[in-house]
Amino acid sequence: MNLLIMGPPGAGKGTQAEVLVKELKITHISTGDMFRAAIKEGTEMGKKAKEYMDKGALVPDEVVIGMVKDRLSQADCKEGFLLDGFPRTVEQASALDATLQDLGIKLDAVINIEVPLEKLMARLTGRRVCKNCGASYHVIFNPPQAEGKCNSCNGELYQRSDDNEESVGTRLNAYIEKTKPLIDYYEAKGILKNINGDQEISAVLNDILVAVK
C-alpha cells in the first residue's frame, strides 16, 4: 500500500506515521530523513541539495523530486510506503504524480489529519521547557507535578518564543494557506481521506486503517 500523510503542526502526524508503518509493514519516507541520508551518502541529488543548503537557499523542486525518485526506487519501498513531509505544493504534487507514473507506482490514498484550529493552538502553545535541564512538559497533556517547576531538577519552566500564540498562529495560517490547494488537488483525484485527529491516538489510527483498507 502506497500512502501519503498530511496534517498541520500539532495534529499528531508524526505519531500516526510511526504507528501506521508498523501496523501496515510499509516503509516510512520522511523527507527530512531522506535529505540527511542522501547528503550523508553523497548521492548526486544529495550533493546538489547540499550546495543549496550550504548557501542557506531553498532546495529547488527538481532536486527534491530527484531525491524522492531515488528513494522510491529502493527495494524497501516495493512492499509499500508512507510519504511524510512531501509534497507541500500543487506543483510538487504534480511532479510527484509524473515520477510515480515513471516508476509504475500508484498512490492509493492521501491521509489528511484534521484538528480544529483552537485545539491546535492549545496543543502547540501548551508546551513548557525546563530552563535548567531542557525537559519538556505540556500544561494539558503532561503537566509538571508542581506548577512551573521541573519534576527532575526543580528548574523553572518557560514557554519558548516560537510556542507563543502569535508565532503558532502564523505557522498554522501559513500551513492552511499553502496546503488548501493541495487538499483540493487530491480530493479531485478521489484519493483524499479526511481523518478526525481530535480523538485518542488509537482511535485516530483505527479511523485511518478503516479509511485506507
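Glycine is no exception: its Cβ is also placed from the backbone N, Cα and C atoms.
Sequence-distant neighbours of Gly14 (ATP binding site) (same chain, six or more apart, CB under 8 Å from its CB) are Asp84, listed in sequence order. The annotation ATP binding site is assigned in Swiss-Prot to Gly10, Ala11, Gly12, Lys13, Gly14, Thr15, Arg127, Ser136, Tyr137, Gln199 on the grounds of sequence analysis.
Positions annotated as region 'NMP' by Swiss-Prot: 30-59. Under DSSP, the residues of the region 'NMP' (30-59) split into helix, strand and coil as follows: 22 helix, 1 strand, 7 coil.
If you look up Swiss-Prot, you'll see Thr31, Arg36, Ala57, Leu58, Val59, Gly85, Phe86, Pro87, Arg88, Gln92, Arg160, Arg171 marked as AMP binding site. Phe86 (AMP binding site) carries neither a helix nor a strand DSSP state and counts as coil. For Phe86 (AMP binding site), the same-chain residues lying six or more positions away in sequence with a CB closer than 8 A to its CB are Thr31, Val64, Val68, Gln92, Leu96.
If you look up Swiss-Prot, you'll see 126-163 marked as region 'LID', on the strength of sequence analysis. Note on the region 'LID' (126-163): DSSP counts are 3 helix, 12 strand, 23 coil.
Sequence annotations record features per position, and here Swiss-Prot assigns Zn(2+) binding site to Cys130, Cys133, Cys150, Cys153 based on sequence analysis. Long-range neighbours of Cys150 (Zn(2+) binding site) (same chain, six or more residues apart, CB within less than 8 Å of its CB): Cys130, Asn132, Cys133, Ala135, Tyr137, Pro144, Glu156, Leu157.
Once Cβ contacts within 10 Å are tallied over all protein chains shown, the binding-site residues Val59, Cys130, Cys153 are led by Cys130. The CA atom of Cys153 (Zn(2+) binding site) is located 18 Å away from the CA atom of Arg127 (ATP binding site). When the binding-site residues Gly10, Gly12, Arg127 are compared by Cα distance to Ala57 (AMP binding site), the shortest distance belongs to Gly10.
Fewest other C-beta atoms within 10 Å: among the binding-site residues Arg88, Arg127, Arg160, that description fits Arg160. Sorted by the number of other CB atoms within 10 A, the binding-site residues Gly10, Gly12 start with Gly12, the lowest. It is 15 Å from the Cα atom of Gly10 (ATP binding site) to that of Arg160 (AMP binding site).
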